[in-house]
């Protein structure tokens, strides 16, 4: 009985899994992984100004293929017609694709255009920037532009004109060279969500004037174009007081600055010395021709006598602010009794107003890439149109995330290596400076101590800061001794008399000699600059 229950549960689970797989397959409207060449499936524009060459290429560091922008400073155009147009009015629609800016992106686009059905007779090879689209979506960066576009081309039901509605405050483009996946989810409740790498960066309502510019639904009222401002309309909030009178002691001609009468010429001022003199070391060039080049004059240099004196040349009293200065008089401002406010035309009903319960999306009949870029190395991959955001999520997990994790780890290792190289270069410069410090004459008494610290730090670079502090302490100690204490007499220890012993240890002189030999033997092993 228990075995039968398990069998039934397994059968039910298998059947559920099959249903999910079929549902997932049904939810995928279009998908291209570019594992096979795009030739014959995607059509390159024949228009003369699209000179950029598309290539079927592996993503750098992966075995995964994509559609590559291979040349810089070119225009590119390529299009893929769908087997069946995608209806955007029913249910959820997900637009998703990957891009990798292998050379970075300084100026160029990496967005897709989802084309609406074209006019009769249109051919894919005629695809260009004039080919009408329903949605434009993807990264674009150049100059002040740095955003992930989402543009809806919507037909005005009153005028029949197609108008571009731009998403306000779109997210910015990731600035690295990693693979990123861009997702736009169009929901049946009139919302759109923009995701980068699976994280929602922007949520907006198609029908909100706060989210799209211009709004899909126009304002109910507009300023009356025929309304004119009355001639007597006064927009001045403040006016000069007509009753104000200039004070009798107001001197408009008083200068802003006057000479400081209390100033006294500094003692030692050299009145007869010019600030600049002829360079005494300058000589007239041998090829100088007085007739053609004019009379030769030596270049000027600063007068060395002026460097040690308070100043040279004619002394003049400095200027100071004039306490009597008031400038031009003007009457104070008062509230304008005739003020009516800032005039604006009256509002009238907007003749082009209409109500809208849902956007009137045009279907997607083709996917096009039409860009101009200064960069090469832009790779497009895993272009997906689905009717279920869970399907799009599963594609991100299986196609994008493994690549991204590998690239992120590689980038992290490269950044750490670059940081280590910069730190090593900095430490090398620090050690070079420290060796020069050790050679300063007044530190000669402490030279070996400083060298020991430097050598210790070279074997353990993390001690560099500590060594710097130690050496600074040594220098400051010596400095304060010289300034405040003079030279301190070295302490003299009385040495005991040593006589020859029967055990053959030797005299103190022999021990000293042996110590000198040991020190001399150890010296070459040190990385010192004793010269």
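Just so it is clear, glycine is given a Cβ too, placed from its N, Cα and C backbone atoms.
For 1-23, the entry in TrEMBL reads signal peptide.
Among the features that TrEMBL reports, region 'Disordered' is placed at 206-297 (among others).
The compositional bias 'Basic and acidic residues' annotation in TrEMBL covers 223-248 (among others).
DSSP assignment over the compositional bias 'Acidic residues' (249-262) gives 0 helix, 3 strand, 11 coil. As annotated by TrEMBL, compositional bias 'Acidic residues' applies to 249-262 (among others).
Look at TrEMBL and you will find 269-280 (among others) tagged as compositional bias 'Acidic residues'. If you look at the compositional bias 'Acidic residues' (269-280), the same-chain residues 6 or more away from its ends with a CB under 8 A from one of its CBs are 297-303, 305-306, 309-315.
Residues or ranges marked as compositional bias 'Acidic residues' in TrEMBL: 287-296 (among others).
Taken from TrEMBL, the feature region 'Disordered' covers 489-531 (among others).
Taken from TrEMBL, the feature compositional bias 'Basic and acidic residues' covers 508-520 (among others).
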Per DSSP, what is the helix/strand/coil residue tally across the compositional bias 'Acidic residues' (269-280)?
0 helix, 4 strand, 8 coil
